[in-house]
Amino acid sequence: MTTFRELGLSDSLLQSVESMGFEEATPIQAETIPHALQGKDIIGQAQTGTGKTAAFGLPLLDKVDTHKESVQGIVIAPTRELAIQVGEELYKIGKHKRVRILPIYGGQDINRQIRALKKHPHIIVGTPGRILDHINRKTLRLQNVETVVLDEADEMLNMGFIEDIEAILTDVPETHQTLLFSATMPDPIRRIAERFMTEPQHIKVKAKEVTMPNIQQFYLEVQEKKKFDVLTRLLDIQSPELAIVFGRTKRRVDELSEALNLRGYAAEGIHGDLTQAKRMSVLRKFKEGSIEVLVATDVAARGLDISGVTHVYNFDIPQDPESYVHRIGRTGRAGKKGIAMLFVTPRESGQLKNIERTTKRKMDRMDAPTLDEALEGQQRLIAEKLQNTIENENLAYYKRIAEEMLEENDSVTVVAAALKMMTKEPDTTPIALTSEPPVVARGGGSKKRGGNGGGYRDGNRNRSRDGRGGDGRNRDRNRDGRNRDGNRDRNRDGGNRGRRGEGQGRPGSSNGRGERKHHSRKPQA
């Protein structure tokens, strides 16, 4: 293994890294940092959880001249949660060097951001829409930027941000260094690399398994209309400490979180339509344990850094295998065990195979529990806890009352009563969820999700992003945009499913009038 001291980093950064408890670099860090410190462009292919933030963050921070009062680096991330997380990580790493980091994203007061920009941050971490908004307002100037980082570029493609990224890249000096990180390399991302990067070093970290071995993965074949009852039975049997349930759309998240509360579970949902304050409030309650189930869309959960998640339930199978990897990566962290459950409807078996091919791992099948099995499962879990208490706790204070009870009742009856009191009785509250269409795998895979991102610029970007899938089908995630003050960053998942194809620009057009705009670093042939 390579230590950070062997990578040629400055003393102030080494001090920060060591104070954070890190000594050895991960493979992506060991391969990326030396090339990046030399000023080379980098294409890094690595999954989440490989340490890629430090892989680009350390050389980015190393290059910053803190005596200059100008923006010297920008990191572009697909979601506000990831922007916040990356900003926090860079702050920790750059603390001893006193690098000023500023996250900017939609949903936050733009005037507050403008005031912060006037304090001359060295590095900006933000979502594409809000960065571009500040560029257009002349509140963010990039003439001194030396390094641009594109984090999770494939996800930004899926969310329709490609044109925004191109516009940002044309606004920075041509001599800038680009560090592009992406789990996959679809053609539009390759074209970005060809146009805006110079002889990039391609670094790919291969893993025998894409997903972590300490995550137990199961799938259950369940009919759409029976999924909710199966979910509640699993929650009763498994009694997770903290659980995340993934739904495919905002409507699903809203309905599912409400239904769980009706059945007596402490649950709340997060998705793109919630205000930033509301989302942060929900996450805080989840981290504190005042809610036990977090229901989320893929995009809303991107970048979440929550420790202690024991179970992930994929209530809806994801549109693409990469999203599955990101979903289950919320559990099984820091050496702890995690459990991931995937609900598969009869027509989704092909998508299950796609996921298994991507993860290079066969999932174990689990039968959906019946009502009787759910009750018995609860009782066995309670019995285990009772046995653990018998073996490890001091019970002297409780024995006198126990002995009095045994004088009047036999021991089996007493234990049975205790089990009954601690068992959650079946709740038959009627629940009606709106059915979601199945994800049917086509052509042996599901990675093709919509070309170059399409869409409009010049004020027309706020139209619906429904139906972007190339095959004319509604993509179910519905990336409907919002206004140009950056709030469209808020709503990249779910919503308004009926407006398929509305507001679609011609492929390659950028202003709603069919005029093509080329933003290329290379001379046009």
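In case you wondered, yes, glycine gets a Cβ from its N, Cα and C as well.
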Which range of 2-30, 176-204, 321-349 is motif 'Q motif', per Swiss-Prot: 2-30
Of 151-154, 163-166, 275-278, the range Swiss-Prot labels motif 'DEAD box': 151-154
Lowest local Cβ density among ALA46, GLY51, LYS52, THR53, which the record lists as binding-site residues, within 10 Å: GLY51
ALA46 (ATP binding site): secondary structure state under DSSP, collapsed to three categories: coil
